[in-house]
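Inspection log for the structure reproduced underneath, given as structure tokens.
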Amino acid sequence: MNWFNRVRNSLAFLPKRATEKDLWVKCPGCQQMVFAQEYAENLQVCPRCEHHGRIGADERLRQLLDEGYDVLPQPEVREDPLKFRDTKKYTDRLKQARAKNPHRDAFTVGSGTIEERPAVVGVQDFGFMGGSMGMAVGTAFCQGAERALTRRCPYIVVTAAGGARMQEGILSLMQMPKATVMTRRLKEAGLPYIVVLTDPTTGGVTASYAMLGDIHIAEPGALIGFAGQRVIQDTIREQLPEGFQRAEYLHKHGMVDMVVHRHDLRDRLATVLDYLQPKVAA
Ligand SMILES: [Zn+2]
């Protein structure tokens, strides 16, 4: 290689080759390096330790719904009504989150079919400000339920949240009763409401729509709870059992109906939909 080629190849504006960082993913469960493509093909589940990684809304909708589903437009809500600022302005935090995410907020609704059974699926994305529930999330949840009511089909919600969005104060807490009322409306209309709890589902979301399903499914190893383990331990001054607040523990103690591997989730949902809404014989 002559000197010209050597210099040209080292220039920064040349197309970036896949770096080692793009090719490998470090599994948060076993800390081993996994080939990124293998990880993606395995639906972001570690092929070595079965750790279920966190996934975004679009990826989740693609995994659960049949091709050709609609994504509902994100609701327009009044932004930053409290003019909130901590170390940063809330509006700046929103801008930052939107720059890294294809959606305007943490809850996205897809309307379509699961193995040909009609369903509306709402997905909360932990990648957007920790999946926190503010007015946009509450409103999108309700729009999903409205769509299910219009289509007269089941509503499935995949939860992941650190809790209420503190930057919206009491307005974020008001989303809890608002969402709860919608689950009642689904019940009154005789439509199934199914919750898929993923890692982590905590705080105000657990205290409202995440625990009001007709059926609760959880992904293996998911952290599900209201307050954190350390807070509870310090309050009651007792050591908590091993695996407390994990999907398997909650299943054993009756808080969750089934723990389902991500590979089986779509099939299992289709089966549950069949049980809850038997096809009417033509
Ligand atoms: Zn692993």
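Every residue, even glycine, has its Cβ placed from backbone N, Cα and C.
Positions annotated as domain 'CoA carboxyltransferase N-terminal' by TrEMBL: 23-282.
Per DSSP, the zinc finger (27-49) is made up of 6 helix, 4 strand, 13 coil. Here TrEMBL flags 27-49 as zinc finger.
Sequence-distant contacts (6 or more apart, same chain, Cβ under 8 Å) of Cys46 (Zn(2+) binding site) comprise Cys27, Gly29, Cys30, Gln32, Val34, Tyr39, Gly53. If you look up TrEMBL, you'll see Cys27, Cys30, Cys46, Cys49 marked as Zn(2+) binding site.
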Would you please pick out, from the binding-site residues Cys27, Cys49, the one with the fewest other Cβ atoms within 10 Å of its Cβ?
Cys49
Suppose we draw a 10 Å sphere around the Cβ of Cys30 (Zn(2+) binding site). How many other Cβ atoms does it contain, all chains included?
13
